[in-house]
Amino acid sequence: MNIDEELTTILKNNSNLKKMKEFLEQNIFFSLTGYEGFFKAFLIKKIKEYSKTGKIILIVKDEHTLDKIKNDLQVITNQIFELNYFSPLVYKGIGSKSTIFNERIKFLFNFYKKNPGIYITVLKSLLSKIPDKNTLLKNIYKIEKNTNINTADIEKTLITLGYEKTLRVTIPGEFTVKGEIIDIYPFGEQNPIRIALNFDKIEEIKKFNPLTQLKHDNEILEFQILPKKEIIWDDKTINTLKTKIKSVEYKKILEELDFKKETKTEEMFYPLVANTYLGDEIEKHTPIVNFEINNFEKEIEKIHQEYEKLYKEAEEAGKNIIDPKRILLNYKTFNLKSDVLFSKIKSLKSKETIEFKIESERNFFSNIALTKEEFENWLKNGFKIIIAAESESQKEKLKYIFKELPKVSIEVLKISSSLIIEKEKIAIILESNIFNTGQKINKAFESSKTKAIDSFVEIEKNSHVVHINHGIGIFRQIKRIKTSSLEKDYIEIEYAEGEKLFIPIEQTNLIQKYIGSDPKNIKLDKISSKTWIKNKANAKKRIEEIADKLIELYSKRESIKGIKYPEDNELQLLFESEFPYDETPDQIRAIKEIKEDMMSFKVMDRLLCGDVGFGKTEVAMRAAFKAVMGNKQVIVLSPTTILAEQHFNTFKKRFKNFPIKIEVLSRFIKNNAESRILKELKSGKIDIIIGTHKILSKKFTCKNLGLIIIDEEQRFGVKEKEKLKEIRISVDCLALSATPIPRSLHMSLIKLRDISVLKIPPQNRVKIEAYLESFSELLIKHAIESELSRDGQVFLVNHNIEELYYLKTLIERLTPYARIAIIHGKLTGEEIENIMHNFIKKAYQILLATTIIENGIDIPNANTIIINNANKFGLAQLYQLKGRVGRGSQKAYAYFLYQDSEKLNERSIERLRAITEFSELGAGFKIAMKDMEIRGVGNLLGREQHGEIESIGLDYYLTMLNKAIEKKMGKISSDEEEVDIKINYSGFIPENYAKNEQDKILIYKKIFKIQTEEESKKIRSELHNDFGPIPEEINSLLMLAELKILAKDLNITKLKEKNRALEIEYKNIESIPMEKIIEILQKHPNLLILNPSYQKSIFLSFKNIEKSEKINYIYKNINLLKTST
């Protein structure tokens, strides 16, 4: 449903809308009042439609207001542009976020191009200068189909515009050149573009998906590429700046601008080199709309006071910054007049006021009977009723609940409020008003974002690798070797004592990234040593044992009959509808899998894997609710008292509208309460009991236990695990783990153990604003004071325990009034629990900690985290720590600090920036998560596996495990051998096709992992899509891979070139197709040769065959053995 069109039709005769149009046509200043909720956005869009220029300027007070209005407007239009102001933190040495630069340049470009739209600006942006039209538009780079470009020139231009050359484009501001393909991810765009060249001519321009790398269908004839920032620091601009500031005072900044053409906090200087104001550039007859700013003078004064305070603090800290009086207009010089005023109350400033009567809130508090009664009354009175569902799955649930009211429309609508207009008899009711959940947070999910990253993505120059036959070495380079008339690439791997092997590219599939030990502790294998063979044999033995155990467990579980629960009832649907977020696709899948288990006779023993915050608890609560609806009791088992308390609070809040009794057992519960709980558990009065391993003791018995939910099972002791094994035999079990597991292990175990994996994170339920900065007392003081001023709490994390106490002294000096606690691994378990308990209860405002907080509890009130010496942590750790905040409804902040004295290299800075800049994390992050996957393997298969993983590497370990399970389950034959191909050919990746070695390894790995003809077709398509037309040299490699598939199908084990003939060796004599050979010889007498000395072989003659045609010739003729009749 198009809500904008729907409302426009319903309100087509509305007198207020007619008045609005008249006033705008006659240039009469008027105010609007009585509007509510989403209706504000509808009115703003109407003003834009009535505008003579097709655009409006909407002035809002601040960023918060801008975000709220934008969210509603996005439902009904995509013509929205925003001009936010730069962060005031520039006065503390912190640059603005890249998104602000992107949105500003998009706003200014469209504004100067006179494109229709709603142009939203915060008041601050009107007080500061912007570049004029000519200055801005001259920096736009235009590309057109069928025009000629020079790749060297385009690279130079893009770098000038602020773009960065990378191996693969994944985020705005990156570009790459791959042969005749140029990928650019323009600033301000949702998707990158791919330019296909034919020599220097642009043959095609298309957008593509940065995750799948697949092109969109629609072709683009021309495209305009925006610069990163509105100011380009060319020589002229830098010289202008030098005349405006004391060059001695700002020497360092000026040097950076001269050298790098950009610098942190450079936006502070923009108004000094810009030359106009937005207010002076607004086109005539464009309505200027004031959104709820009742007193411009007062608001402008507040802005000046804010900046004056920051300026004074920075001066006291010895920082050189620009006086705000030089860059901000004051009220006297601000002369912009509004045409329309949105006002919550009737304004005296306008003679004309249009008053609407809109209701945006009507809560039904999950009382479905009351809701139905109200709806029936509305329908009798001729109302049109629309329920705004949050998602398709919610729509289906609502259809079921309101099935007796067929006249009630149920549509998926992403609006922020209900809308009731009595006069026009329309009621649009949010599902959150029916279920009293508050507005759901909606984000779009792409399943492709969870696409598995194969190990080949990670193999980089000088990284550790495993060759299946030779062991652990270091990948040095891809080396081109010419011998007589042949030319091939080889992979150079260095082993212990500097020994080197040159591996033919056909063996790329035998090379994997080594993941196991810390790089400092990795021991390289010796080529001639038997250590690798021994390590492989030991690992194989242990893997066989693990596979046997898993298969035995699987068989035992399959033979037991369990509880069969009924289908979902109305209460279950109501419970699920009250979830205050949209489910991720993975959550929906996991819930479906769990319910299918519960509604069958098999005993459920399912593992639910997913990172902290990925939604495991919600999935578990739905399973618990289903068990209670089936008249069964539920145990929720937690490894610590604090986690048990947290689960109790979460369950109580989530189940509050339902008649389900929940209790918690922990050491914080008094003895008399414990004995009451014990009795009620035994009598069946308690539906859900939450607690630590104490619940497993004999004195606690349930009347009718149906489900046990285990949180972080690996953290329990041996005794508890043994007890759980007993319970699992007859009771459904759902185990939760926050440690991710590798996809390959998941695929291995999927047949033996029921596993649901949550790999898609909820898309930024609350935005975390992250900063990467050098250590600064001023910054730490600001971060803490800002959080405490909104009654929040702060984490300050450091890798070193001793330094925590130094930091405590520093914080006490900076914020003497703050209540501070310290927590680290040297404290006892009880001490840690007490401190955390008190922090949750807000007895402390600041918690100084090591990475002990990286996993576990949610503290919604703690929304600022400062990580000192961030460069000392792994990327995975930083990601986990960042996830400690943003768990509630407040905006969250993460500060990643490093010491200036450390002189971090560019790679280290980029590595850290990946965490701070982008919520969408790519391959680099997934690679960093591998250390967590090792923990995941240990958790699933036993910690004792760690030694084997270290000795042969994680990827090879999992390959062996997968084969062992497949073999024992009869899925593959005992020893499947690779086809041994020894053919003289020329095959490599030309330099102009893929220049960097990472891309080359990726291509080689893909080619030599091909197992089917379909895979070959897919890879041919991918290569053409990513790099351009496939050259002859790569085609030879693909033909070689396809030849291997064909040989395998025909039971051929070896293809070996000998004296202008090819030996074709079969697995056994029985495999030789003698009838087909005779048929071929009758037609082509000299094509095949039989030699009695080679009983399992035949020979293919290829005299007078060109080298370039050789593999094609071999493929075609071996194919005759399969297809001749």
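Sequential numbering from 1, following the chain as shown.
The backbone N, Cα and C atoms fix where each Cβ goes, glycine too.
The annotation domain 'Helicase ATP-binding' is assigned in Swiss-Prot to 597-758. Here Swiss-Prot flags G610, D611, V612, G613, F614, G615, K616, T617 as ATP binding site, drawing on sequence analysis. The motif 'DEEQ box' annotation in Swiss-Prot covers 711-714. Annotated domain 'Helicase C-terminal' per Swiss-Prot: 774-933, in sequence order.
Burial estimate for the binding-site residues (G610, G613, G615): highest at G610, by number of other CB atoms within 10 Å.
With DSSP classes pooled into helix, strand and coil, the tally for the motif 'DEEQ box' (711-714) is 2 helix, 1 strand, 1 coil. F614 (ATP binding site) has a Cβ environment of 24 other Cβ atoms inside 10 Å.
Cβ neighbour count for V612 (ATP binding site) (all protein chains, 10 Å cutoff from its Cβ): 18. Within 10 Å of the C-beta of K616 (ATP binding site) there are 23 other C-beta atoms, taking all protein chains into account. A mean pLDDT of 86 is what the model gives for the domain 'Helicase ATP-binding' (597-758).
Secondary structure at G613 (ATP binding site), as computed by DSSP, is coil. With a cut-off of 8 Å between CB atoms and residues at least 6 apart in sequence, the same chain places H647, T650, L736 near T617 (ATP binding site), listed in sequence order. Within 10 Å of the C-beta atom of D611 (ATP binding site) sit 21 other C-beta atoms, taking all shown protein chains into account.
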